[in-house]
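Okay, so here's the structure we're looking at.
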Amino acid sequence: MSSVDKNLSVFSTEALPDISQSTFAIVVAEWNEQVTEKLYEGAYQTLLAHGAAPERVLRGNVPGSFELTLGAQWFAERSDVDAVIALGAVIQGETKHNDYINHAVAQGLTHLGLKYGKPVIFGVLTPNTLEQALDRAGGKHGNKGDEAAMTAIKMLGLKNQVRV
Ligand SMILES: Nc1c(NC[C@H](O)[C@H](O)[C@H](O)CO)[nH]c(=O)[nH]c1=O
Ligand SMILES: CC(=O)[C@@H](O)COP(=O)(O)O
């Protein structure tokens, strides 16, 4: 299902966990900052709207999406960080560079979540055009940052439910 058919900012909010004592780290790629700053704002506001404390939402910037994995690791390895959200926008260019970045980051972030046993969320847009990116960063298809934040919240709820 495409974001065209499912708005990124529309999700169920039933049975969400108490996140008032949870610490979140948001890692933001500086490439395409006109997009990623919107993703960050969406993620940050979604966390606060559902109970996160402002002082418990950390932020780190990385040059580009390829660096999101290492930036996320530096937060994920901290015992005081409960979840990491990685935000980026990799817009297709003339070459296959975007494919290599996208696959590397998707695999890298997946590995981190498994390694540290905590949510490491893939909040990276991989559009063909800037317009498609903006449509998914607070535009007509919602905000991927909202979705990423809510995903982190729900995964913490699942962790509380299943982990003894
Ligand atoms: N073209 C985009 C990039 N490219 C930069 C890479 O992410 C990386 O910083 C560089 O290859 C050095 O390691 N990054 C994005 O986030 N978005 C792009 O569209
Ligand atoms: C995703 C990228 O790094 C991309 O913007 C680079 O553009 P190009 O493929 O034209 O070199």
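Heads up, the Cβ atoms here are built off N, Cα and C, so glycines get one too.
Annotations in TrEMBL come from automatic prediction, not curation.
Look at TrEMBL and you will find HIS97 tagged as active site, proton donor. Within the same chain, no residue at least 6 positions away in sequence has its Cβ under 8 Å from that of HIS97 (active site, proton donor).
Per TrEMBL, the feature 5-amino-6-(D-ribitylamino)uracil binding site maps to TRP31, SER65, PHE66, GLU67, ALA89, VAL90, ILE91, PHE122. Around SER65 (5-amino-6-(D-ribitylamino)uracil binding site), taking its Cβ as the centre, 27 other Cβ atoms fall within 10 Å, counting all chains. The secondary structure of SER65 (5-amino-6-(D-ribitylamino)uracil binding site), as reduced to three states from DSSP, is helical.
Marked as (2S)-2-hydroxy-3-oxobutyl phosphate binding site by TrEMBL: GLU94, THR95, ARG136. THR95 ((2S)-2-hydroxy-3-oxobutyl phosphate binding site) carries neither a helix nor a strand DSSP state and counts as coil. Counting only residues at least six positions away in the same chain, no Cβ atom sits under 8 Å from the Cβ of THR95 ((2S)-2-hydroxy-3-oxobutyl phosphate binding site).
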Report the largest Cα to Cα distance, in Å and rounded to a whole number, among the residues TRP31, SER65, PHE66, GLU67, ALA89, VAL90, ILE91, PHE122 that the record lists as binding 5-amino-6-(D-ribitylamino)uracil. 16
Restricting to the record's (2S)-2-hydroxy-3-oxobutyl phosphate-binding residues (GLU94, THR95, ARG136), give me the longest CA-CA distance in Å as a whole number. 23
Filtering TRP31, GLU67, THR95 (binding-site residues) by proximity to ligand 2: which pass a Cβ cutoff of under 6 Å to any of its atoms? THR95
Would you say which of the binding-site residues GLU67, GLU94 has the most Cβ atoms within 10 Å of its own Cβ? GLU67
When you measure from each Cβ to the nearest atom of ligand 1, which of the binding-site residues SER65, PHE66, ILE91, THR95, PHE122 fall under 6 angstroms? SER65, PHE66, ILE91
